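Taken from TrEMBL, the feature signal peptide covers 1-21. Residues or ranges marked as domain 'Alpha glucuronidase N-terminal' in TrEMBL: 31-146. For 157-473, the entry in TrEMBL reads domain 'Glycosyl hydrolase family 67 catalytic'. Annotated active site, proton donor per TrEMBL: GLU307, in sequence order. Annotated active site, proton acceptor per TrEMBL: ASP381, GLU409, in sequence order. Residues or ranges marked as domain 'Glycosyl hydrolase family 67 C-terminal' in TrEMBL: 475-701.
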Amino acid sequence: MRFFTRLLLSVLFCTCASAGAAPASEDGYDLWLRYRALPAAEAARLAPHARAIVAPATTSPMLDAAIGELQRGVGGWLGTAPARTDEVRAGAIVLAMPATRGATAAWFDGLGQEGYRVLRTRLEGQSVTVIAANTDRGLLYGSFAYLRGIATDGAQKAPDLRSTPRLPLRLLNHWDDLNRHVERGYAGASIWHWWNLPDILDQRYTDYARANASLGINGAVLNNVNAKPDILTAPFIAKAAALANVLRPYGIKVYLSVRWSTPLELKATATADPLDPAVAAWWRAKSDELYAAIPDFGGFLVKANSEGQPGPHDYHRSHAEGANMLARAVAPHGGIVMWRAFVYSEDKPTDRARQAFDQFTPLDGQFDKNVIVQVKNGPIDFQPREPVHPLFGAMPRTPLLMEFQITKEYLGFSTHLAYLGTMFEETLRTDLRPGIGAGGQAATVTRVLDGTLDHGQATGMAGVANIGTDRNWSGSHFDQANWYVFGRLAWNPEAGAEAIAREWAAQTFSRAPRVVDTVSAMMMASREAVVDYMTPLGLHHVMGTGHHHGPAPWVDNLARPDWNPVYYHRADKAGIGFDRTAHGKGGSGSAGQYAPALARLYEDPASTPENLLLWFHHLPWTYTTRSGRPLWDELVHRYDAGVTAVAAMQKQWDSLAPYIDPQRHADTAQRLKVQHREALWWRDASIAYFQSINGLPLPAGARAPAQSLDDYKALKFPYPPGNG
Ligand code: GCU
């Protein structure tokens, strides 16, 4: 079809849509890269500036990917994809590298290896849109940025963008098993079809890569941290290599999780002792084999001596000795080892929240250069709210990588709407040395990651993926936003959760201000709502055993004390909360693991942020909170606030029915209904339980739980997703 005929059709279509017809149904597969026909006025603005794509003559897979995406995007919006040419002409999009004829040197200033500049300018006398970068990777990211700009702004303004990533490692961690089960996955099976690989390549692999490249995500750990030895056998290396070939044109490197005892279990060695020369030789040879198959292989992720996984401690060797042995195997190839700090001991009676710090800080300075210690955002385990992990800022001679969980293991799976941008941002912005940076730059967690705090090496962020075979990738439409915000913050940790929510909403649903305002308002309030109805005031780990679905604060019979909710909330007749103040005051001492200025805040209930009160303090039920309400009344108030906030989200979403396509609107409405029911359940079961402990009357006006405590305790959930 000729361009103008198509344009006319799209004009007609868009006029109908704005005249009141409901938007056409969508299943969410396209994520935020939807490229639907633009309304006439916008198409008319864009068309004269997107007539062709001028690209360097030398081609590369990444350059082809960039051009392919520009053609897909502009083609979707205008009806005709701009052709590729090597001649500069008026109205073209020019992909420029420093060698491009007529290019201005200043375009490339400070862009490094990954940055880009997008601007409207003149080249060889013609008015063009330039996407400039020093590398084809930069051109790929610049092309996606150009498309995002139009998708969010409707081609209102001439593009003028410049960006470089703040962090070099922007990684997804897939907790995907080789049988396609996804640990803590709530979006179907693993997208990696290991059985069919390497011969059969699913289109999803390419679309996954496109989505990641659009955010700047540049690495994927393919398999679960609870790894099997099989991943390092020749057949699985060939499968991983096939995936690497699909992901490479989109700038994504492949990494693998490895099980410490692999050579022993594959019967190649008699031990897994890192200091045994045969063990080190096996890992060297295995690394050589991996790099022969995947020349740009990224490296290993290791969960060792954690939750029953084997590790160097089994041979009385330290984490550093273990990590360094692996690091030396991949170092000749430029690989890295990401060694997880998620450890807590089976036989130590000390507070679980302090154990990683106790084990790792003595090792600061002992790790090889290509080892990065990967630390969860908080000291327990991805709770709806945790204080920052005390290791950040405490290992100045060791590069630390942030681990966030995008999949919502503890925040309502993919049923509850909880935008994690605010949670990620809260961690990244935490000032590790409050007061000390006064007048200067605060000592934020971001600055640990970018290496400026202790003048170390810039690292990055890893996000435990929420991606699966569900048609919409993430289980719910709103969970796509958590993948999105992770990627955008990994590129720029200071980009702002709200700004990111708005750009996601505009691309995913509609640019209409009413939609963007309402959707982003829902998102911005959503995580706090979950905290309120699940774990207010610093409570944590009170979820159902194993699957972590629903409230179970009463559980006290699990093998290890620190698996039991009662261990964490410590409620008794007199009070509630975990005393983590100094030993001398009777606490576990974990508040003292923070730098002195932060530790001082956390030592005193009066200066502890109220949203972490019961994380750090055991307080009487009568303790006066900042609202003036006694602690018990405040707790009930928070549970109620959480439920009310979900009801408000339902109303907000209902109001958008005319603007959102029926399929995605109905799916989200159903989920919000379940969320409201489950928020009430959390509230009622928690209140029923704590009331059974403290024997206090409910605050005036508070509604009694709908059922008895025994009813809540009796609930069972066979076959929960993501577990086992
Ligand atoms: C949590 C999660 C496990 C996971 C572990 C980890 O405990 O429930 O499924 O294996 O974290 O991060 O290693």
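Any Cβ shown, glycine's included, is placed from N, Cα and C.
What TrEMBL says about a protein is an automatic prediction, not a curated fact.
Values in this document were obtained by computation on a predicted structure and should not be read as measured data.
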Largest tally of Cβ atoms lying within 10 Å of a Cβ, found at which of the active-site residues GLU307, ASP381, GLU409: GLU409
Averaged pLDDT score, the domain 'Glycosyl hydrolase family 67 C-terminal' (475-701): 98
Reduced DSSP assignment, GLU409 (active site, proton acceptor): coil
Distance [Cα-Cα, Å, rounded] between ASP381 (active site, proton acceptor) and GLU409 (active site, proton acceptor): 10
Residue counts (helix, strand, coil, in that order) that DSSP gives for the domain 'Alpha glucuronidase N-terminal' (31-146): 43 helix, 26 strand, 47 coil
Distance [Cα-Cα, Å, rounded] between GLU409 (active site, proton acceptor) and the residue listed as 'active site, proton donor': 17
